[in-house]
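Below is one structure, written out as structure tokens; the observations come after it.
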Amino acid sequence: MKFLFDLLPIVLFFVAFKVAEGQPDAAAAFASQHFGFLVSGGMVGPKEAPVLLATLVVIVATFAQIGWLLLRGRKVDTMLWVSLGLVTVLGGATVWFHNETFIKWKPSVLYWVMGTAFWLSHAVFRKNLLQTLMGGQLQLPPAVWRNLNFMWIAFFAFMGLANLYVAYSFPTDVWVNFKLFGGVGLMLLFTLAQGLYLSRHIKTEDE
């Protein structure tokens, strides 16, 4: 359930982009009429309308996520606050400057922030962030926790680079597809690989 909740802004970004992409002239007119005050020059063109509207949707969705959690008295994860800050700043820049480059950098920056957090927890604070997040759900040797930590660091670094590669090498619609399907697919594959690694080790420990 949490996975779907976390995925919601990405899904809404995808849907908003595809709807606007299917009727760019109407999307441009709608964006100019209702959100022109947020855009430099006050006018939105058909080519840029899909990504600008999708960006506004994802900003609102992220604010709504945090608002929902706060209203229910639940803790807001640190990375969700970071994501809100990034999507507001970079998304706002995309809308104001008519430049999709800013929002395209957002996933990479978020991945690298998470990877840096994992690295700093190990290198500076001598703690294993993954072990802390797991909350004692698994009992593993320090070496295994260390390997898992570095696996996540490498994965976040790779995902940040992969996002930029797609963003700069392919049209925006391909990047939007990758953002949802590629990002989620790679995350699931990595999680599966990590699960296989853990299951093998846990079996060894049980024996």
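Each Cβ is built from the backbone N, Cα and C atoms, and glycine gets one as well.
Since the structure is predicted, the reported quantities are computational estimates derived from the model, not experimental observations.
Listed in Swiss-Prot for this protein:
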type: TRANSMEM; residues: 3-23; note: transmembrane segment
type: TRANSMEM; residues: 51-71; note: transmembrane segment
type: TRANSMEM; residues: 78-98; note: transmembrane segment
type: TRANSMEM; residues: 105-125; note: transmembrane segment
type: TRANSMEM; residues: 150-170; note: transmembrane segment
type: TRANSMEM; residues: 178-198; note: transmembrane segment
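Recorded stretches compared: 105-125, 150-170, 178-198; the one with the most Cβ pairs under 8 Å to the transmembrane segment (3-23) is 178-198. Counting Cβ pairs under 8 Å to the transmembrane segment (150-170), the top-ranked stretch among 78-98, 105-125, 178-198 is 105-125.
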